[in-house]
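Novice: Can you keep this structure in mind? I'll have questions shortly.
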Amino acid sequence: MAMRLLKTHLLFLHLYLFFSPCFAYTDMEVLLNLKSSMIGPKGHGLHDWIHSSSPDAHCSFSGVSCDDDARVISLNVSFTPLFGTISPEIGMLTHLVNLTLAANNFTGELPLEMKSLTSLKVLNISNNGNLTGTFPGEILKAMVDLEVLDTYNNNFNGKLPPEMSELKKLKYLSFGGNFFSGEIPESYGDIQSLEYLGLNGAGLSGKSPAFLSRLKNLREMYIGYYNSYTGGVPPEFGGLTKLEILDMASCTLTGEIPTSLSNLKHLHTLFLHINNLTGHIPPELSGLVSLKSLDLSINQLTGEIPQSFINLGNITLINLFRNNLYGQIPEAIGELPKLEVFEVWENNFTLQLPANLGRNGNLIKLDVSDNHLTGLIPKDLCRGEKLEMLILSNNFFFGPIPEELGKCKSLTKIRIVKNLLNGTVPAGLFNLPLVTIIELTDNFFSGELPVTMSGDVLDQIYLSNNWFSGEIPPAIGNFPNLQTLFLDRNRFRGNIPREIFELKHLSRINTSANNITGGIPDSISRCSTLISVDLSRNRINGEIPKGINNVKNLGTLNISGNQLTGSIPTGIGNMTSLTTLDLSFNDLSGRVPLGGQFLVFNETSFAGNTYLCLPHRVSCPTRPGQTSDHNHTALFSPSRIVITVIAAITGLILISVAIRQMNKKKNQKSLAWKLTAFQKLDFKSEDVLECLKEENIIGKGGAGIVYRGSMPNNVDVAIKRLVGRGTGRSDHGFTAEIQTLGRIRHRHIVRLLGYVANKDTNLLLYEYMPNGSLGELLHGSKGGHLQWETRHRVAVEAAKGLCYLHHDCSPLILHRDVKSNNILLDSDFEAHVADFGLAKFLVDGAASECMSSIAGSYGYIAPEYAYTLKVDEKSDVYSFGVVLLELIAGKKPVGEFGEGVDIVRWVRNTEEEITQPSDAAIVVAIVDPRLTGYPLTSVIHVFKIAMMCVEEEAAARPTMREVVHMLTNPPKSVANLIAF
């Protein structure tokens with residue numbers, strides 16, 4: 001008997017020794033088969049996964065870990081990146097404890113064979129973006145030990161899997177950033193082990209999930225961002241006593257903030273921004289003793305900031321901007337010892353800022369702009385020398401800027417526009433090492449600017465409309481990167497320092513409406529970066545520098561209303577970039593030069609110069625004391641009269657001959673073509689005219705024809721042929737294009753290179769965009785090639801171009817014809833806003849202007865524009881919202897939805913037709929079917945912005961600056977999860 005048992009044991013030992021290597025080899029086979037379906041960017045990925053005769057060689061493969069029996073227990077190939085699909089053979093790695101395939105580019109559905117991975121504790125397939133289909137809940141049933149399930153940022157759809165409630169050990173669950181629909185299953189409230197719940201941006205809807213309050217171990221909960229709940233913040237959440245992060249931003253919450261949240265003693269982050277919350281901020285929130293970040297911005301909250309906030313001793317960030325809050329900002333805010341960011345712009349706060357604000361020494365950013373605040377600026381804002389951004393614009397602050405701010409070396413941006421501030425500006429403000437912009441326009445500052453100034457990064461100074469006096473200090477020349485200098489409407493006197501025009505990057509200078517004397521420095525002739533110069537309404541004397549024509553890129557020169565003498569330099573005629581010239585009301589004399597750029601300017605450019613001789617005058621005025629070429633007697637001598645009569649008869653004969661020849665020459669050029677350049681061009685007008693051939697036409701429209709022209713220097717240009725001035729018709733946008741594109745420069749606005757013109761025809765010359773218009777690509781046969789990454793980038797870049805027009809141009813510029821066909825794409829698919837034929841300057845940014853007729857394109861026109869003809873920048877915002885919907889849906893704004901229905905109405909109709917509407921459900925219903933592998937979170941984010949832009953009420957639409965901010969700043973919790 002004993003011998004039989006011994007033989008049996010030996011047999012089992014032999015079988016074990018025989019088959020153990022075999023099992024290890026099987027895992028190697030599985031890995032090598034998996035490798036064949038995981039393709040790297042340059043062919044096969046996982047280069048060290050190579051077959052070997054060694055039974056445990058696979059255990060040294062990158063991303064692979066084994067147990068003592070050489071069985072694979074961990075497979076982590078995240079951030080490789082890999083393409084391809086997840087092979088069903090993954091289910092053969094039955095000893096896997098950790099499967100992490102995050103941050104790759106896997107596509108397709110999850111294989112059901114994964115249900116064999118019964119030992120799995122970690123399953124992380126996040127940030128692939130292209131995993132699709134319904135999430136197969138059945139694979140989870142046997143994963144009884146699963147602790148982490150992360151599917152964030154993929155394309156899963158359908159309902160959330162109800163099987164989650166069976167995972168009794170699950171601690172981390174993220175289904176965020178997918179295309180799910182419907183409600184959160186109530187059974188999710190039974191996953192008692194759960195510590196992290198991420199359902200943000202998942203397209204969920206239904207009632208606000210109060211049942212999640214049963215998750216007593218929960219520490220982080222992200223359930224906002226493009227989910228759409230009915231109801232408000234569940235009061236029951238006050239029972240989640242271990243909760244550290246509650247993020248319900250942007251999920252259509254209504255009602256008031258529940259006071260029960262004050263029970264969350266461990267909560268350090270509360271994000272409820274971008275909702276429709278009403279009522280007051282509960283004073284009970286001061287019970288959140290661990291709170292560090294509070295964001296309640298962009299809601300409809302009213303009332304005052306609670307005094308009890310003094311108890312929030314750990315808070316670092318308070319964002320309350322864009323609400324309806326009022327009253328005084330309490331002293332308690334200044335008492336908060338760790339406060340770093342305080343943003344309350346666009347509210348109705350009154351009275352003074354807390355005098356103790358910043359005294360804690362930690363303040364980094366303060367933005368209280370667009371309120372009704374008054375009083376003095378607190379002196380301790382930068383006590384800790386950490387303050388970086390100080391924005392106090394559009395209030396009623398008075399008194400001086402505290403001297404202490406002049407010592408704040410951490411400051412990077414100072415914007416204190418439109419207040420009642422007075423006194424002298426601290427000298428130190430102009431010597432701060434990190435400041436990039438100083439904007440003090442529209443106040444009552446007085447005194448002289450400091451004699452000593454310096455700063456390596458300062459690029460913008462705006463001191464317009466104050467009471468500054470004294471001389472302009474030469475020390476301004478110590479700002480090597482200065483680009484913009486606005487000193488207009490002050491009381492400066494003395495000369496313009498030559499050092500200013502020696503700055504290597506100066507592009508715009510305005511010293512108009514001062515008491516400046518002396519001459520224009522000769523150094524202006526060497527300032528090649530200048531684009532705009534306004535020295536008007538001063539007492540500048542002397543002559544115009546002869547070398548002014550060396551400033552090749554100068555587009556605007558206004559030196560009117562001075563005491564300039566001498567003749568106009570003929571070299572100005574060679575300044576092909578110069579589109580605006582104003583020399584009026586000086587003491588210039590001699591003849592206005594003929595030809596060149598002088599053909600562009602009209603008589604108003606030279607008005608008010610008594611002794612200046614305009615080209616059409618036969619005789620020129622002379623100064624008192626000067627003698628004419630002939631005395632009075634000679635003028636009326638008999639011989640003179642005879643000669644005059646003969647000349648008159650001869651002239652009549654010549655005129656009659658000319659009239660008879662007119663019809664013969666009607667089809668010939670009425671004037672020689674003239675090229676006017678806005679930058680240095682290496683071709684001539686003849687080169688442009690050679691390209692006006694039928695085979696070069698690339699587009700036709702109501703304003704004319706567009707040709708592609710190949711210049712001798714191998715540069716392609718786009719030539720837009722307009723109906724000209726001589727036909728009696730309108731100029732079809734010629735003036736608007738010249739006045740706008742001729743004076744602005746921006747990366748995302750198409751460059752106007754110049755124009756060629758004669759009496760009958762205008763030819764506008766643009767940089768050529770080889771990829772055509774967004775409209776052509778989006779709605780043509782190539783639309784499918786515009787994947788989401790490109791579409792999103794185009795949206796951001798076009799928004800930046802429009803933002804520049806609305807917020808960085810003075811006066812602001814309205815485009816008035818924003819549409820996909822007017823967004824052009826260069827060889828890198830970079831977007832450029834184009835076609836300014838309907839553009840309009842709006843002098844007062846807060847006003848609107850009434851137009852005589854509707855401008856714009858059907859399907860893009862804002863509703864208020866159609867029936868009031870009043871236009872402001874929000875009209876452009878509406879049109880841009882339509883473009884965003886085009887990018888999402890891939891459909892034209894009109895013509896595809898039935899009579900009288902445009903894309904905006906179609907989207908709203910679609911929402912009404914969905915049984916359980918949510919942002920995700922709407923996006924799924926309208927998204928361009930040609931898009932593949934698009935990230936749900938990003939598309940919904942853009943969709944939300946689009947719907948804000950196309951609000952019926954203009955006041956409800958965001959500004960383009962806000963649009964750019966939203967497009968370029970994904971929700972905070974989403975951004976953090978992406979970096980997982």
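Backbone N, Cα and C define each Cβ position, glycine as well.
Note that the coordinates shown come from a computational prediction; the quantities given were computed from them, not determined experimentally.
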Novice: For which of ASN98, ASN771 does Swiss-Prot record the feature N-linked glycosylation site?
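Specialist: So the answer, going by Swiss-Prot, is ASN98.
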Novice: Sort the residues of the repeat 'LRR 17' (505-527) into helix, strand and coil with DSSP and give the three counts.
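Specialist: So the repeat 'LRR 17' (505-527) is made up of 5 helix, 5 strand, 13 coil.
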Novice: Using DSSP, how many residues in the repeat 'LRR 3' (143-167) fall into helix, strand and coil?
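Specialist: Its residues fall into 5 helix, 7 strand, 13 coil.
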Novice: Given the recorded positions ASN76, ASN510, ASN574, TYR804, tell me which ones have a C-alpha lying within 10 Å of the C-alpha of ASN124 (N-linked glycosylation site).
Specialist: ASN76
Novice: So if I exclude everything within five residues of the ends of the repeat 'LRR 16' (480-503), which remaining residues of that chain have a CB under 8 angstroms from its CBs? That is, six or more out.
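Specialist: Those are 441, 456-474, 509-524, 526-527, 530, 534-535, 540, in sequence order.
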Novice: What are the helix, strand and coil residue counts for the repeat 'LRR 4' (168-193) according to DSSP?
Specialist: 5 helix, 5 strand, 16 coil
Novice: For TYR804 (phosphotyrosine), just give me the three-state DSSP call.
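Specialist: It is helical.
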Novice: Which one of the modified residues (TYR766, TYR804, TYR860) has its C-beta surrounded by the most other C-beta atoms within 10 angstroms?
Specialist: TYR860
Novice: Test of understanding: give the count of other CB atoms lying within 10 angstroms of the CB of ASN574 (N-linked glycosylation site).
Specialist: 14
Novice: Per residue, counting other C-beta atoms within 10 angstroms of the C-beta, which of the glycosylation sites ASN422, ASN602 reaches the highest number?
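Specialist: Most Cβ neighbours within 10 Å: ASN422.
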